């Protein structure tokens, strides 16, 4: 790319050009970023330190929180830093790197959410065989598939952008680099590239969403034979997962499951899947779980006792 591109750096317009508004935005995103790291970090530490949270559901939840901790720093720190500078710039190599990790962790999260839906299906529809099916080997395999599919998706998106010559103007109306706005800087025919990007991004969304819907339709059908208490517990767990899936899938679908064009609303929508979902994930999926809350209390209790000694 460096040999054929006239662009060596990319300028972000960000959310606002007003200095006072930028400072407010930086404080808001800083607080959200800290909450993402602390909230998801607490989930990971709690699950790893608690002997009672050893089921496959908590295994996948800890890895989901780990992905969130890695996903949010791809965009948030740069936005916070840029809020204190007049010229919001990123190098071309930095831009490509940001696209790679954005789609790597984002793709991995989509597949992890799909794996968690399958885990719920097995737990609710095949409870007697749950331990045998979701054994340690199967958990490791599903986790490896999620990370591997996320990597393949990211490599595909990054490669398609990397080979394009960029001529500018080198300004994009975003606060981070992504395939659609960078594609607009290309000085070559992008019809085929746009189609391949849409196919790559859209296919994982369609396949994952289809698996999710199939899992929950089967779960809802099977709940008719469960007791009232069993139905309430299953629906509570599934509702939390559906909420997280909705927060992540709907904004992603709006941005990536359409022709490669940019819209003014994309910046606001991007906040939902880059910051808001990682922020709300611990609240929706974990803090509403009594077992996780009790494990956190025990963990904090042990810390207090240790400090007193």
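Residue positions begin at 1 at the first shown residue.
Using N, Cα and C of the backbone, Cβ positions are placed for all residues, glycine too.
Those TrEMBL annotations? Automatic predictions, nothing curated.
According to TrEMBL, the protein carries these features:
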type	residues	note
TRANSMEM	24-49	transmembrane segment
DOMAIN	39-285	domain 'G-protein coupled receptors family 1 profile'
TRANSMEM	95-118	transmembrane segment
TRANSMEM	138-162	transmembrane segment
TRANSMEM	204-223	transmembrane segment
TRANSMEM	235-256	transmembrane segment
TRANSMEM	268-287	transmembrane segment
Determine the mean pLDDT over the domain 'G-protein coupled receptors family 1 profile' (39-285), rounding to the nearest whole number.
86
Interface present between the transmembrane segment (95-118) and the transmembrane segment (235-256) (three or more C-beta pairs under 8 A):
yes
Same-chain residues near the transmembrane segment (24-49), Cβ under 8 Å, at least 6 residues beyond its ends:
14-16, 58-59, 61-62, 65-66, 68-69, 72-73, 76-77, 79-80, 83-84, 275-276, 278-279, 281-283, 286, 292, 295-296, 299
Please figure out which one of 138-162, 204-223, 268-287 racks up the most CB pairs under 8 Å against the transmembrane segment (95-118).
138-162
